[in-house]
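Taken from Swiss-Prot, the feature domain 'EngB-type G' applies to 26-200. For 34-41, 61-65, 79-82, 146-149, 179-181, the entry in Swiss-Prot reads GTP binding site, with the evidence type sequence analysis. Summarising the annotation, Swiss-Prot assigns Mg(2+) binding site to SER41, THR63.
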Amino acid sequence: MSVKIHYQNTHFITSAPDIRHLPEDEGVEIAFAGRSNAGKSSALNRLTNQKSLAKTSKTPGRTQLINLFKVEEGCHIVDLPGYGFAQVPVEMKNKWQKSLGEYLQKRECLKGLVVLMDIRHPMKDLDQQMIFWAIDSRIPVQVLLTKADKLKSGARKQTLLKIRKQVETFGGDVSVDVFSSLKGLGVDQLRAKLDTWFAPALAHLIEEDDLEMPESNEE
């Protein structure tokens, strides 16, 4: 028996400038990370079937806070600050990167990382750094090659195979799939992945359901 996760009920809880200002380190958190133009906000909105859960900005790099969303009791999604935008001051970039690294390496309830990257410009240095931080902390990673609708089917498959082959050399638990917020491509696969990562936090609900099931009258 499993508990159905209602992603459409996801709602914003709080923002924090760094890990020290986040709520208690408990339950299960899944973090979303990506370059400032990777389509992270659009992906979160598509995942939850909401138009403005995550605010999209026409000024990449503007979001400097860690944003926390509640999916179910004990299940949270964390929207990490976008990284790698050229027009952001170096001092601010360094502060963000320190905050991201600290979160990935020290947050005990972090059980999965989704790294989003534009399928036309995948695996930049900072993308790889995020993945390696997660691998070092034994956190599974789901890479989403976003804006997949921008490529024709053949080019899309070619890029997917190339990146999958590349991550095989990384070690760790790293999966790669294509994704399109516009077309809905890869949304079901993403939800299935998150379901498995959130499962430990929902185990007590499954146990309660089993206890409440009526006994069979069959002899």
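Glycine is no exception: its Cβ is also placed from the backbone N, Cα and C atoms.
Within the same chain, the residues at least 6 positions away from LYS40 (GTP binding site) whose Cβ sits under 8 Å from its Cβ are PHE32, ALA33, GLY34, ALA54, ASP79, GLY82, LEU116, listed in sequence order. In sequence order, ALA43, LEU116, LEU144, LEU145, THR146, ALA148, LEU185, GLY186, VAL187, LEU190 are the residues of the chain that are 6 or more apart from PHE179 (GTP binding site) and have a CB within less than 8 Å of its CB. With every protein chain in view, the residue among the binding-site residues ASN37, SER41 whose Cβ has the most Cβ partners within 10 Å turns out to be SER41.
Secondary structure at GLY34 (GTP binding site), taken from DSSP and collapsed to helix, strand or coil, is strand. Listed binding-site residues: GLY34, PRO81. The one with the lowest count of other Cβ atoms within 10 Å of its Cβ is PRO81.
Classification of SER41 (Mg(2+) binding site) by DSSP places it within a helix.
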